[in-house]
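Taken straight from TrEMBL:
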- 1-47: domain 'F-box' (DOMAIN)
């Protein structure tokens, strides 16, 4: 009798049932399955796999796998992966936490799906990924890789359409600038724990707009990025012979946002800040330690105010300075409350 009810009534009933009961009901006949699928189209274009037991996913994917375009999944067995491979025919975005090496073979087939444009892989196996990266869809636009090794990266294919790349290494000696030098459409590049970045101005990334380097070793400076708007340098090691201001200015003549955090002092000082503002006149936001801000206000106020005026800052258009937390903000404002520079800057957390 329940099966004869209108679809809209069945959908309302499904709202009160657990996912397991919904799937069991959908397997009774075609009418109930159609109602379940119709309802699922509303809620499951994005599927957070680790929110459901394997039994539920195993029943859901044959019924509604084609609905899913965005899938997040902890991968512990091939059972669910094989159903993803078979039934999720319209995947555009995946985020996989890979827990076992035995799952790599099935993953290769999934990663090669032509519909995939965004891929995030977190390697939690403690080992390598075999040659899995070779199978990534060549039309991938956004790629994020975590806990990958030098050997893994050697299998990265020529992704000529890649626009965003984020890589967190195992602190390996791989030179990512060389690997992704051919990705001419790259707009966003984020690198963490890379022990060897040779870089230098001879490496040109014509479309890069955002560059982030964290806990990495930089030997020859930064690549040339004429369109770069945002640069984040966090706790890196630099060649002692490098002038950090010249490196930044040469890399990004049109830079608008800079965040600089040091492993050790003084990699960036109040004098560096003033010099940088003279060479990069398009900067609108800068994140630095509170110590640098205090020093420039206490000891270099006149030069700082002059360069702020030269760059067109005033009471209406202020340079935004970011600090770590509210405590740092209050310390800076309280220690130098009457500085003329406050007419040209504002401090934000």
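Each residue, glycine too, has its Cβ placed from N, Cα and C.
If you take every residue in the domain 'F-box' (1-47) and average the pLDDT, you get 78. Here the domain 'F-box' (1-47) is broken down by DSSP into helix, strand and coil counts: 33 helix, 2 strand, 12 coil.
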